Amino acid sequence: MVKFSKELEAQLIPEWKDAFVNYWQLKKHVKKIKISRKPKHVQDGNSALDFGRSIFDSIRSFTINFHKAADKPEVPQVKSIIKEGEDGSEQEEQEEMYETENELAQLFSEEDGVRIFFEMLDEELKKVNDFYKTKESEFLERGDILNKQLQILLDLKQVLSDRRRKIHGSRSGSGFFSRTNSLSGRNSDFSETASEYCDSPTGTETSQTEEVIAALEKNGINFVNSASTRAKTKIGKPKMAMRIDIPATTPTRTIAAVTSMLWEDLVNNPKKDGPREYINKKKIQCAEKMIRSAFVELYRGLGLLKTYSSLNMVAFVKILKKFDKVAKQQASASYLKQVKRSHFISSDKVVRLMDEVESLFTQHFANSDRKKAMKFLRPQQNKESHMVTFFVGLFTGCFVTLFSVYAILAHLSGMFSPRTEAGYVETVYPIFSMFALLSLHLFMYGCNLFLWKSTRINYNFIFEFQPRTALKYRDAFLIGTCLMTAVVGALVIHLILLSSGFSPSQVDAIPGILLLIFLALLICPLNIFYRPTRFYFLKVIRNIVCSPFYKVLMVDFFMADQLTSQIPLMRHLESSACYFLAGSLTTHGLPTCKSGRMYRELAYVISFAPYYWRAMQCARRWFDEADINHLANLGKYVSAMVAAGARLTYARTPDSQLWLAIVLVTSAIATVYQLYWDFVKDWGFFNLKSKNPLLRDELILKNKSIYYVSIALNLVLRVVWVETVMHFNVGLFESRLLDFSLASLEVIRRGHWNFYRLENEHLNNVGKFRAVKAVPLPFRETDSDG
């Protein structure tokens, strides 16, 4: 049977961990009471009562009748005290205090421990109630806002549909209204400041805004604000504007929004009574998607709050049972009655709101199909299959066996002898080392997923992954082992055919074919081999390449950081593409790719690209959030670009002392910059005021020495660039092996960095109690001038 403490730790909401009952601390205190409990004879009732009075009178604001306790023992009771506000009004400020009357003469032998225990229990009960009330009010307020947003959407659809039929008569159209509908008028204006899910309007079609607003107000939606400072129209009502306010995330839609704004200002020549704003089918569809997503997140938050309530109730029951067992008294019954009367248990507002959300979502977003609605509101995670574990072991064994066979065959055939080494290494090495680095990165990512899950870091929430399709650590291991098994198998086949006398021009096509197969599998539209993950990966890569036009999410800049550690992989991809596009691998392909001007210039582009993308992401985040720290982070990637360019230039002119000095200076500056950002910003370490020397106040791993070892390891792996200026005198194969080893160390360093980066992000989320995604809402009321 699993202990409740472990069960609670496994089920509690990580972001709300600090708001839960501190069951572990209460459990420790019960153990202290058990240890300190010693049987003592009570001399007489009066002396015991006098002793009890001296203990409890100092912490209570009411009088206890001690004489009744001498005749009849009482169980601990809980009283709820309402503190009045400063003006004496109970309605203005009310704070529930939970205090325990403990008059059991049998417990006076350990009165200090019992008193402290119930004081701690009172504090925990107050903490749970306060947090529950706060979250409940937030969700109820969100529910009211969403209800209004949904009503606006429904009324807007109906009014525009009626208006369209009235104007166009029998003209054919699709949906509720045509693509070119627009609204403008005196009392209310519609505009789109940006677009996320839909494009900007392509045309205009006027309609009467007064008619639309009258219909909306008839349905109970009032846009009139009584503030005297607002501008007034001729009829005495404040001039208001309703906007479809959707954040810009895509480049085409951002540009389209700017173009639309300029078109309205320069071409349409707005009238004095207000600008003409446009609304069309795509805008309403976009607003509908946002409201639907907001309902899903609200329902998820309500479910979490319901779980929070039930887990805390069980925690109170369990800890009071432990206390009864130690004290050998039935002291929990009275206290549990008060706990059950507490707000976090007695309130049914969350349940009623969940039912309402289910009803609205089913009716308006699922065509009254409850089963379909529940797929959105309660998405089921795919169950982990033992077949995945089986295939991971199978492919791992195949990889080890095939690699051993390859090593033996390469040694027997003398493939790495000076006579055949150059051609074989230059043609085969780039592609196979590229796949090896990719597989290593997948393995490190699988390790990250395993550690994040083990330490209850909610990476799905941080990255905004869909739990149903998110990659699990076993899946990452399966992809990596499958990839490496295929690669080493192709290596063995290539080596056997080459040793059997086949023409190198024929067998050297095997690496290229393998590369094409994996590229085709990556973009394959069929629902095989983790299609949601493959398409999501392509989407993230698109967002990175098009930086800064796309809004930057956590997963976007996290993946861009991974690319900065995979520059050798991209260089190998460049080499492979050059060899195959040259048309011949055995005649002039190698010299062309080594000495070609375009090839050399492209090497600079590839070395700069990941740092440039990351810098542009920092610029976009600074533009969106106005946080100066993003500009400082941009400087880190600019320094890395300069250092990478200097090292690449020095590698081509190794005898230049000037470039050697430039490499040392730029690389040293970039390394110090990166180390500072790793330790202080990304990991949150080197806090001089922390209770853990040079670390954070909050640590997930219990063994602190791991953090110090990680600091030292990250420091060592950050300075591997020193190899570029040492010039080890080794052969071609050894130099390639050394380059591969250094690239592998950088991938390992990045995987090591990933855990602490997300740990710090998780702890920041915990501190802010963010457990659900904040979805922006489309409809917003503003002054017509704003």
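Easy rule for this one: first residue shown is 1, then count along the chain.
Each Cβ is built from the backbone N, Cα and C atoms, and glycine gets one as well.
Features reported for this protein in TrEMBL:
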- 2-337: domain 'SPX' (DOMAIN)
- 168-205: region 'Disordered' (REGION)
- 170-179: compositional bias 'Low complexity' (COMPBIAS)
- 180-194: compositional bias 'Polar residues' (COMPBIAS)
- 388-409: transmembrane segment (TRANSMEM)
- 429-452: transmembrane segment (TRANSMEM)
- 473-497: transmembrane segment (TRANSMEM)
- 509-530: transmembrane segment (TRANSMEM)
- 594-786: domain 'EXS' (DOMAIN)
- 658-677: transmembrane segment (TRANSMEM)
- 705-726: transmembrane segment (TRANSMEM)
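Outside the transmembrane segment (473-497), and at least 6 residues removed from its termini, the chain residues within Cβ reach (under 8 Å) are 384, 388-389, 391-392, 395-396, 398-399, 402-403, 405-406, 409-410, 413, 415, 428, 432, 435-436, 438-440, 442-443, 445-450, 453, 506-508, 510-511, 514, 518, 530, 533. Counting residues 6+ beyond its ends, the transmembrane segment (509-530) has Cβ neighbours under 8 Å at 427-428, 431-432, 435, 471, 475, 479, 483, 486-487, 490, 493-494, 497, 537-538, 576, 580 in the same chain. Counting only same-chain residues 6+ beyond the ends of the transmembrane segment (388-409), those with a CB under 8 A from a CB of the stretch are 415, 474-475, 477-478, 481-482, 484-485, 488-489, 491-492, 495-496, 499.
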